[in-house]
Amino acid sequence: MYKLCILFLVVIFAVMAIAKECIPSNQQCSTISPPCCSGNCVLQGKHFSICA
């Protein structure tokens, strides 16, 4: 039971880490941020970019 609980926590952390590797569409992004999940980082104005 103890090992199962540890395994479950490891899986959750792995999923969270993978989820943070990309930015959802319509969210702010930059050249140093993770890549967009779908599409590219598109400039909206001078200092504002969103994933499109």
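Going from the start of the chain as shown, residues are counted 1 onward.
Cβ atoms here come from the backbone N, Cα and C positions, even for glycine.
Sequence annotations record features per position, and here Swiss-Prot assigns signal peptide to 1-19 based on sequence analysis.
Long-range neighbours of Cys22 (disulfide bond) (same chain, six or more residues apart, CB within less than 8 Å of its CB): Pro34, Pro35, Cys36, Cys37. Annotation comment: Swiss-Prot describes Cys22-Cys37 (among others) as disulfide bond.
Annotation comment: Swiss-Prot describes Cys29-Cys41 (among others) as disulfide bond. Cys29 (disulfide bond) has a Cβ environment of 22 other Cβ atoms inside 10 Å.
Annotated disulfide bond per Swiss-Prot: Cys36-Cys51 (among others), in sequence order. The DSSP secondary structure for Cys51 (disulfide bond) is strand. Sequence-distant neighbours of Cys51 (disulfide bond): residues of the same chain at least 6 apart with a C-beta under 8 Å from its C-beta are Ile23, Pro24, Ser25, Asn26, Gln27, Cys29, Cys36, Cys37, Ser38, Gly39, Asn40, Cys41, Val42.
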If you count the C-beta atoms lying within 10 Å of each candidate's C-beta, which of the disulfide-bonded residues Cys36, Cys37, Cys41 ends up with the smallest number?
-> Cys37
